[in-house]
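Read through the structure below, which is laid out as structure tokens, and then see the notes.
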Amino acid sequence: MFTGIVETIGTVSQLIQHDDSSSGGSGTSLTISSCASILTDAHLGDSISINGTCLTITEFSKDDFKVGVSPETLRRTNLGSLKEGSGVNLERAVSASTRMGGHFVQGHVDTIAVVAETREDGNAITFRLRPREKSVLRYIVEKGYVTLDGASLTVTAVDDEEGWWEVMMIAYTQEKVVMGKKRKGDDVNVEVDMVGKYVEKSVSAYFEGSGASGGAMLEKMVQRLVDQRLQSANKS
């Protein structure tokens, strides 16, 4: 579990494709350097978020660590587009003393989004993102949370029909996360707020238990509200 508060930006110092070692397992192994500040309490097997993807530390030293990335993870995230020298957002798993400055983040990427547009607003930048799977938009609401490359950000606008949402990043955040330097056409890992998923499942279970479909139940609820409003209007 993570908070979406990026602790530091590391650098991909080595990338080995089709690595058959214990780290790669026929996938890709990554060595991330320039991150000594988050390795002071590291242990083999620890979970760590790399661009919002939860991975396992298989080797580490004072300044760098190594993880293995499976073919499935490469397909579902933007880690497959990393190169030696790429910067990556890093966050250790939460501890009992961690301040919850962001929101609950699992490190399970739901989809990849493309930066469709950037707009400067003073020293801030607004990013418009279009997801590869449009279905995730039902979990994204204005003023809600979304995790982008492992960073917890607030949604400032959503357009379900056109299939995009926007976030605004202040100057301080631009310097602390890799997305600050991304521009039109770049890929971003997306994890939606898990609370929305739980609510959706609970509501669906309620509708199924009532013996009616979700659509039929909603239609009845809306009709009941309309009838009540009309009755109130007639009485007045």
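Even glycines carry a Cβ here, placed using N, Cα and C.
It should be emphasised that the depicted structure is a prediction, and the values quoted were computed from it without experimental measurement.
Among the features that TrEMBL reports, repeat 'Lumazine-binding' is placed at 1-103 (among others).
Each residue of the domain 'Lumazine-binding' (1-103) gets a DSSP state, and the totals for helix, strand and coil are 13 helix, 43 strand, 47 coil. Residues or ranges marked as domain 'Lumazine-binding' by TrEMBL: 1-103 (among others).
Summarising the annotation, TrEMBL assigns repeat 'Lumazine-binding' to 104-203 (among others). Broken down with DSSP, the repeat 'Lumazine-binding' (104-203) shows 26 helix, 45 strand, 29 coil.
Per-residue confidence over the domain 'Lumazine-binding' (104-203) averages 94 (mean pLDDT, predicted model). For 104-203 (among others), the entry in TrEMBL reads domain 'Lumazine-binding'.
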